[in-house]
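Following: one structure in structure tokens, then a few remarks.
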Amino acid sequence: MAKKTKKAEEITKKFGDERRKALDDALKNIEKDFGKGAVMRLGERAEQKVQVMSSGSLALDIALGAGGYPKGRIVEIYGPESSGKTTVALHAVAQAQKEGGIAAFIDAEHALDPAYAAALGVNIDELLLSQPDSGEQDLEIAGKLIDSGAVDLVVVDSVAALVPRAEIDGDIGDSHVGLQARMMMQAMHKLTASINKTKTIAIFINQLREKVGVMFGNPETTPGGRALKFYSSVRLDVRGNTQIKGTGEHKDHNVGKETKIKVVKNKVAPPFREAFVEIMYGEGISRTGELIKIASDLDIIQKAGAWYSYNGEKIGQGSENAKKYLADNPAIFDEIDHKVRVHFGMTEDDSPVQSELVEEKNEADDLVLDLDNAIEIEE
């Protein structure tokens, strides 16, 4: 019985060695035909963690789970009219430029306001802008930019405005059933692999439509067919909530609106998280406002009555004064922002303030050494 078991083990080992050799030969042939890295063991990948780029909003980064938009993936931002979709996308553009990247904006709606984009922090002199005439042209331009590997972020505004050439050339009233959906499906087939390979973030802004005859359930849907829904790694539902009243002489005027951003699909972190942000008219997302709220909830900023304090120092009476303090003191803003991100595991605990102190100390030590050397030379 023991002999039989030993023989069976030898046969199994021999069979296993043959299979491994066959697999190695197959991998070599695939690599020869399709290039290095066409097939690899997951453990051999240099980077297994998904790389992200901040959305430009701390609250949204937390809701996304990974700390921002995943690189090499497709993101869809949709919602009702004037809900803040383009604002959210423009903050991503500003963030990409802030990190030294190149961003492109495909303006299919022909409605981008350069002054508003600049107010949100976008460097309009460096922004690549395209306003094509048809949906096919929009997507071809986006594809060429992505294929170049030189662009970090591409925003398409919006999918609903990607009108097929056949519809543009036709007469009003002509039926063009499924043309846009077919165009989007073909675009997703072509773009997805290139987006992943070049680590480009592709943001598609979309509108809402109502399904006719729906009696039960949600009648809302997005145009462009189902392809974008399937290929998107992240889908954000942006909804404006209540209006924000001004203070002082502007107390009777609406100066912004509270906006809810729900992550309805997320392939890199748990979905269905929500972010609540303040979108101020003419300014975009209030980064100081969201930081004060989140840091206060974590007790990084202490609140006693109407006063806000940080590290034992009062920074303002009322949220508006606290916002002004953080806006006037960017170093304190960055320090608090870093602590919040460390708390949520979005960055390692290497305080930028501490790093600056170490750098200053090293510069001081170098200066002392230079002075000592100068004294020795004189002697």
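All positions are counted from 1 along the displayed chain.
In case you wondered, yes, glycine gets a Cβ from its N, Cα and C as well.
Given the structure is predicted, the values throughout are model-derived calculations rather than measurements.
These features come from Swiss-Prot:
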{"type": "BINDING", "residues": "G79, P80, E81, S82, S83, G84, K85, T86", "note": "ATP binding site"}
Counting every protein chain present, what is the number of Cβ atoms, excluding its own, within 10 Å of the Cβ of S83 (ATP binding site)?
23
Taking the mean position of the Cβ atoms of G79, P80, E81, S82, S83, G84, K85, T86 as the ATP site, which residues outside that list, in the same chain, have a Cβ no more than 8 Å away, listed in sequence order?
V238, G240
I need the least crowded one of these binding-site residues (S82, T86), counting other C-beta atoms within 10 angstroms of each C-beta.
S82
Below 8 Å Cβ to Cβ and six or more residues apart, same chain only. Which residues does that give for G79 (ATP binding site)?
K85, L208, D237, V238, R239
Under 8 Å Cβ-Cβ from G84 (ATP binding site), six or more apart in the same chain: what's there?
V238, G240, K257, T259, I279
By the DSSP assignment reduced to helix, strand and coil, which category contains T86 (ATP binding site)?
helix
